[in-house]
Amino acid sequence: MQLAQLAAFAMTLATSEAAYQGFNYGNKFSDESSKFQADFEAEFKAAKNLVGTSGFTSARLYTMIQAYSTSDVIEAIPAAIAQDTSLLLGLWASGGGMDNEITALKTAISQYGEELGKLVVGISVGSEDLYRNSVEGAEADAGVGVNPDELVEYIKEVRSVIAGTALADVSIGHVDTWDSWTNSSNSAVVEAVDWLGFDGYPFFQSSMANSIDNAKTLFEESVAKTKAVAGDKEVWITETGWPVSGDSQGDAVASIANAKTFWDEVGCPLFGNVNTWWYILQDASPTTPNPSFGIVGSTLSTTPLFDLSCKNSTTSSSSAVVSAAASSAAGSKAVGSSQASSGAAAWATSASGSAKPTFTVGRPGVNGTVFGNGTYPLRPSGSASARPSAGAISSGSGSSSSGSGSSGSTGTSATSGQSSSSGSSAAAGSSSPAAFSGASTLSGSLFGAVVAVFMTLAAL
């Protein structure tokens, strides 16, 4: 009995720092109808039981607010509690609705307390607000964004709200496109967060050679650039994927076969090693968007459109993607900003024509509020209310059409070496999963604890 208890304890330690893997979940279906608790539960249950996987047990939310309400708590929260699904909470920061998001956050903490606290892995203040605030975002009619100074104030406000509550120890970050992170005009946000949420879609990098054959390379480069500005802060993969159907973008072709290739070459190395929320479990219910990224079809099912088993993921693909996403070992801050930026020169001239989709099913509406239509179409309405004013647009584009993924200025100390530093990246030089940001591998202290337990077992 004692042996069994010690072994169980050792396994608990070994899995306590496992990376989170899950999907993004909006508060509406593709026809703009609301999702309710039963709908979220069905999605979470399907994700946990996907054929060929160990289960996707985490959910990233874009908003705290139930669709079409003013500040009611999103019903994904009781659904997550019922299904034991961990949560990356999101507060929609654009469009003037932050007060309502804060109200919903406070209500959720008060209503669910420790039940919520034990499931929340992080809080994202905003989603792609800096992208929408950029020149590129304005050109794409992506909707209303937030300038970096305002976003920093929102981050401070959320820290104040959760202090002394069941969420007091939860880390706070922001999610944005990789080329928004590398834009030096947004460096204040990098400084304000605990971690950086990375959104990157090689499929949309249409100004470059973005066929599926080059997708892994584009992904690695964009993650490396993000790590260069992150320094010793973790980078979480908060959105990526490849569409199963829809129109082509440059050399990129949407197909089930290509979606599987991207899953094998990019997703499989990340899963279990880096905190990752894939886009998306299902986006074709009841109507199919163009393009469509869902790995299950129009009927929610545990049977995916392609094999998710990762048996075709190669060692070379794994080590390369791992290295691109590498930071410090869990619980360690060993890789400083100067080390992380040293390899960025290799990709200083890389860029995206469009580093992200300008749509997404189930997000808040085009006008930047939760009262929008729930969908970002490929070309949103060009109405004045759907675009940031000229004065609100960042001085530097997160991604210029001519090349560099960062603005021309030197930016923060973490990025100042991008164009002049030499040598290989500190991240890229390691193929060890222990170097992952958000790694499932053990930190030194945790590893020591596990070793101690097994030494005790051996002595009995």
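Backbone N, Cα and C define each Cβ position, glycine as well.
The active site, proton donor annotation in Swiss-Prot covers Glu128 and is backed by similarity to another entry. Positions annotated as active site, nucleophile by Swiss-Prot, on the basis of similarity to another entry: Glu239. Marked as compositional bias 'Low complexity' by Swiss-Prot: 380-437. According to Swiss-Prot, the feature N-linked glycosylation site maps to Asn183, Asn312, Asn367, Asn373. Per Swiss-Prot, the feature GPI-anchor amidated serine maps to Ser430. Residues or ranges marked as region 'Disordered' in Swiss-Prot: 379-437. Per Swiss-Prot, signal peptide is recorded for 1-18.
Feature annotations (Swiss-Prot) mapped to structure.
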residue : record                      : Cβ neighbours (10 Å)
Glu128  : active site, proton donor   : 33
Asn183  : N-linked glycosylation site : 34
Glu239  : active site, nucleophile    : 26
Asn312  : N-linked glycosylation site : 13
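DSSP assigns the residue listed as 'active site, nucleophile' to a strand segment in the three-state reduction. Comparing C-alpha positions, the residue listed as 'active site, nucleophile' sits nearest to Glu128 among the recorded positions Glu128, Asn183, Asn312. Spacing of Asn312 (N-linked glycosylation site) relative to the residue listed as 'active site, proton donor' is 32 Å (Cα to Cα, whole number).
According to DSSP, Asn312 (N-linked glycosylation site) sits in a coil region rather than a helix or strand. You'll find the Cα of Asn183 (N-linked glycosylation site) roughly 13 Å from the Cα of the residue listed as 'active site, proton donor'.
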